[in-house]
Amino acid sequence: MELAGFHCCSWTVILLSALLPTTWRPPAAAHFIHRADLLSNTQMERAPLAKLTLTVNQSTVTEQREMAVFYCNTNADNITIHWVSNNSLLVLNERMKLSADNKTLTILIVQREDSGSYLCEVQHGFEVQRSNTASLTVNYGPDPVSIKLDSGVAAGDVVEVMEGNTVNFRVEAQSSPVPAYAWYLPSDFIQPPTTGTFTIDAVSREHEGMYRCLVSNPVTNLSRLGVVKVQVLEKVTAPNIEFPTLALVENATSVTLTCKTSHQRVGVHWFLKGQPLRPSDRLTLSSQNRTLTIHGLQRDDIGPYECEVWNWGSQARSVPLKLTINYGPDQVEITQGPASGVVSTIEAMLNSSLTLYCRADSIPGARYQWTHEHSSKVLDGEQLSIEALRQEHQGIYSCTSSNDVTGLARSASVLVMVVGLQSSSMSPGAIAGIVIGILVAIALAIGLGYFLYSTKDRWTRRRSASDTTSSNTIPPTSVMQSTPESRHNKPMTVYDNTPKPEGEARGKKMWSLPRDSPEQFYEKKPPSAAPEGPRKPLPQIPKQPLMPPGPGRNEESNYEKLLNSNHSLYCKITPSA
């Protein structure tokens, strides 16, 4: 571009010189001088330029170590020299230096960008001539080495590859000339390559390790080492969620879920009801997301829960886990049907059937027990059925719902009224009380009678024993000397307890004991012990039947049969009027 502009300016000067005589006439002296100078310049431009030569002190140099010196050889005078590099006008920098006449170009510190072709261009008037081309080769490198894997993913200082994939290794290092490669592999069974690339088919865990490549430049005598660490990722399999086997109770326990997997270099994600789980105050994750803790269990925390393990090449999710959270029982409800409303009072007809249902929300299912206020019987089951209502079925029925896992229980009651009962002045309870009272009174009466009878019998026996003793010692006052004829008419009495009329009592001669000393009347020994004593034994009283024979009985007899027939003691009983 510079040379083209230079030639354009020369032609402009010539055209202006040709036009000036026709448009403007200077003084004669000036015109003469101008014509003389123009003729002189024209003669000079027409003089041919000698051939140019370009030389360089060395065509091959080492970067940062050597310098390059170019020399433009020409004998022409009054010339202008321009330097051209790689077909472009050379732009000097701090590493380049020109001589005073511009014939010498020196590159003090050679860089790789200084490589290429160089020439010098000489301009003499309107004539331009170029020198020959000189090439400069700059040897450099190798630069820092980088090992690339086309099927891997960088994770920090590690490159991860999927198990079973084909992996291509490629070394990137700037160097001139082409360097030599020496590989150092983690496995001895891999043949070390001699180029900058090599391939492993179906990579496995055995191929993990450090891969090193030494790149050497034989010209610059420089070497650099490249290193890459390779990890082989397994294709992940589905994990499992582990949780405690203890019973989970609402508001009473917390639970920790663990995502169990055999893979080490994997990430873990949690899902709740198919959506990514968001941690909260009640849902907390460990540092590596391996465990999920649920604080203060609620009945809505049943899930399902899933955990997913993944790497950049594969992923797998666990089977959904649904928790069993025990709670309840909640409020107990008593109804007359499976889908009817809650009742507190029920009126039912006599002899009709009645079915009551007891229900309460509970996990596990609650246990139900029915009780009646007038009975100690306990019935199990959610349903209570009465086929025919009677009077005794009236009253309050209570249903108790209990949960054996949570240890909680609740109850509810309903009043059952039987309509159509027969009117009665007393209730069944009152009647039962009266019957029981009567039985108790009868028992008391029997006991009292037995007690009185026993007391009287004992008293009678003691009296009889006393009278018998007296009869053996004191003669009775009313012993009659009866004839045999009189003994056939009525029995003889030992004691006469019948009161006598006053006149008869006064007129009758009473037998009395003698006034002698008692020692003269009583004997110290019984008659049996002294048979020859002064006293004679008493005559034996003939035994008479209690009652005379039937047909021959005297109807006006004043004697009746005694109660105690076992005793031979009789008394006279005054007949009633």
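Cβ from N, Cα, C; glycine included.
Taken straight from Swiss-Prot:
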type	residues	note
DISULFID	Cys72-Cys120	disulfide bond
DISULFID	Cys259-Cys307	disulfide bond
DISULFID	Cys358-Cys399	disulfide bond
CARBOHYD	Asn78	N-linked glycosylation site
CARBOHYD	Asn102	N-linked glycosylation site
CARBOHYD	Asn289	N-linked glycosylation site
REGION	461-568	region 'Disordered'
SIGNAL	1-30	signal peptide
TOPO_DOM	31-430	topological domain 'Extracellular'
TRANSMEM	431-451	transmembrane segment
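Overlay of Swiss-Prot feature records on the structure.
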| residue | record | DSSP class |
| --- | --- | --- |
| Cys72 | disulfide bond | strand |
| Asn78 | N-linked glycosylation site | coil |
| Asn102 | N-linked glycosylation site | coil |
| Cys120 | disulfide bond | strand |
| Cys259 | disulfide bond | strand |
| Asn289 | N-linked glycosylation site | coil |
| Cys307 | disulfide bond | strand |
| Cys358 | disulfide bond | strand |
| Cys399 | disulfide bond | strand |
Neighbouring CB atoms within 10 angstroms of the CB of Cys259 (disulfide bond), all protein chains considered, total 24
Which chain-mates of Cys120 (disulfide bond) that are at least 6 residues away have a CB under 8 A from its CB, listed by sequence? Leu52, Leu54, Phe70, Cys72, Ile81, His82, Trp83, Val84, Lys103, Leu105, Arg130, Ser131
Could you tell me the mean pLDDT the prediction assigns to the topological domain 'Extracellular' (31-430)? 88
Please report the number of other Cβ atoms within 10 Å of the Cβ of Asn289 (N-linked glycosylation site). 17
On a C-alpha basis, identify the one among Asn78, Cys259, Asn289 that is nearest to Cys358 (disulfide bond); the candidates are the recorded positions. Cys259
Between Cys399 (disulfide bond) and Cys307 (disulfide bond), how far is it from one CA atom to the other, in Å? 44
List, in sequence order, those recorded positions among Asn78, Asn102, Cys259 whose Cα sits within 10 Å of the Cα of Asn289 (N-linked glycosylation site). Cys259
Once the chains shown are all counted, how many other Cβ atoms turn up within 10 Å of the Cβ of Cys72 (disulfide bond)? 25
Here the Cα-Cα span from Asn78 (N-linked glycosylation site) to Asn102 (N-linked glycosylation site), rounded to a whole number of angstrom, reaches 12
For Cys307 (disulfide bond), write down the residues of its own chain that are at least 6 apart in sequence and whose Cβ falls under 8 Å from its Cβ; none is a fine answer. Pro239, Ile241, Leu257, Cys259, Val268, His269, Trp270, Phe271, Leu292, Arg317, Ser318
Please report the number of other Cβ atoms within 10 Å of the Cβ of Asn102 (N-linked glycosylation site). 15
When a 10 Å sphere is centred on the Cβ of Asn78 (N-linked glycosylation site), how many other Cβ atoms does it contain? 8
